[in-house]
Amino acid sequence: MSQVHIHPVPADYKKQTLMDRETYDRWYSQSINDPGTFWAERAEQLLDWKTPWDTVSEWDFNEGRAAWFKGATLNACYNCVDRHLPERANQTAIIWEGDEPDQDKHISYQQLFEEVSKFGNVLKNRGVKKGDRVVIYMPMIPEAAYAMLACARIGAIHSVVFGGFSPEALKDRILNAEACALITADEGVRGGKTIPLKVNADKALDGIDCVHTCLTVKRTGGDVDWQAPRDVWYHEAMADASSDCEPEWVEAEDPLFTLYTSGSTGKPKGVVHTTAGYLLNTALTHKYVFDYQDGDIYWCTADVGWITGHSYIVYGPLANGATTLMFEGVPTYPDASRCWQVVDKHKVNIFYTAPTAIRALMGLGDAPVEQTSRASLKLLGTVGEPINPEAWEWYYRVVGDSRCPIVDTWWQTETGAIMIAPLPGAVDLKAGSATLPMFGVQPGLMDPDGNELDGAASGNLVLKASWPSQIRTVYGDHQRLIDTYFSAYKGCYFTGDGARRDEDGYYWITGRVDDVLNVSGHRLGTAEIESALVLHPSISEAAVVGYQHDVKGQGIYAYVSLMAGKEGSEELVKALRDLVTQEIGPIAKPDLIHFAPGLPKTRSGKIMRRILRKIAADELDSLGDTSTLADPSVVDQLIDNRQNK
């Protein structure tokens, strides 16, 4: 392994941070040895409760069950908005930076309270009640956050669907969630282009009976079809709504939201997060991982359609009374300096983005960064996938001027909040390492036979004890939760990731070990992409694997077998990419398509994906044993025609 570059925390920086190493060690030890006391103290410190809990936690990983703060009642919206009004009514809660550099808004906590309260009444006036599911299919505009908080206020369960998903993908999620309402916009705007959200929503709703309301925000004023009485303009409904909307006090374990994530079986799974544990852990991690202090301007570049947007644009920051920035655009529009121009414009102190964005910006050179000041920055973060040390060093040296610590955070949709990360004032940084576990997190490394590995080792990453923001179930299919996360290693949660632990106890995430790709920080199931490809009448079979991509982290490599009499062509490549875009969305479009005369299969008919991964990676000297294949000659043909030479 190449030499690891260690970056000690500067002494003057340590003095200003919320947590030093001694405090981290003490808190972490208590969180493992006396979790009841630890989490009770954090719950009192960070959240407001209507009624107290009976028990802090009870869990059984064999059954995939966990409950935190049972007996307590609270409201997530109240904790994110109302309780801040006495001291923060005039403080900016959300800075919105539009796609064009001359568009921005500052929304105070008082304004946020009024908008969300009205929005809650709009939903109630349309018959949405506690426990109902509401799908949100929105661009990155303040109304997306209002919608989430309004649902939480009235006890409805939101399910945000990323605006880049296709009508078919949206339809699947609406049906699975059994939603009664959809909140969307006429169009989204991103990188100077419009996204036809209402058109997509109309296609998705075609033939669906459960949705009685489609509330539409006017973002661009573009032409849209209208279906009364289902369709309602947001601005018209809000004009008549009262701002008096009492929060619905819910049980600690009542669901806050469902968020769909890719699985290895091809059918997206609805990850259910509940109110108290999720809100507590997002508040805790936002405060200490980002060393958030009063007055800081915090910017997470994620989309609210992903878990990072839920936890670290909306719930975590607002629970802490922070100022959070929402960005509608992309890092390279109108030019490659945009991110750093936004940092200077709004005096951003904390910047949290994905390695994919860092690598893309690194590829455009230092000049777009260096023509800006960035003097306000004090902390940088990364999320979504492992960051390679070269990109880490560039981010540290060029973006942060070698003075801003980087928090490389590992977590998942299912974990709800950051699980492994360095605390900026407490530990020395190693480029590319996610570092140390957060409070209450007990990681373990397992070998393929299920034996736990001690000391410095590499293996499959598991979590050995429950944590407050843990996934509670897969919506409508608890058995799938058990099969996916709690069956591989008895009594442990299996993350699906591989990891290495070094001699200092630092963790290094090595990537997925299951059939899920991590493309630009977005999880995509290979089976879902394969299912889309074989819809084409020329394709008999498809197998999708990941390969190393300089910008995206992982690229999508699709092997496709043709029907008899069909031939591969550039036209067919385009048609297949368009088909995947239509079925899932542009993020799932294959980078490389390899027309294969056959796929390597065992005699029982199982595709040997290990071999396909090796060929896609151009690692031809480590294919391993191919003698068990039904037709070993297929491998030579695949090698000769490989797309990633």
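Glycine is no exception: its Cβ is also placed from the backbone N, Cα and C atoms.
The record from Swiss-Prot ties Gly384, Glu385, Pro386, Asp408, Thr409, Trp410, Trp411, Gln412, Thr413, Arg512, Arg523 to ATP, and of the options Asp428, Asp497, Asp502 it ties Asp497 to that site too. Cα-Cα distance from Thr409 (ATP binding site) to Lys193 (CoA binding site): 31 Å (rounded to the nearest whole number). Cα-Cα distance from Thr413 (ATP binding site) to Thr308 (CoA binding site): 8 Å (rounded to the nearest whole number). Around the Cβ of Thr308 (CoA binding site), the number of neighbouring Cβ atoms within 10 Å comes to 23. Of all the binding-site residues listed (Thr409, Ser520), Thr409 sits in the most crowded Cβ setting, with the most other Cβ atoms within 10 Å.
When Cβ atoms from all protein chains are considered, those within 10 Å of Gly191 (CoA binding site) total 14, not counting its own. Take the Cα of Trp411 (ATP binding site) and measure to each of the binding-site residues Lys193, Ser520, Ile539: the nearest one is Ser520. Reduced to three states, the DSSP call for Ile539 (Mg(2+) binding site) is strand.
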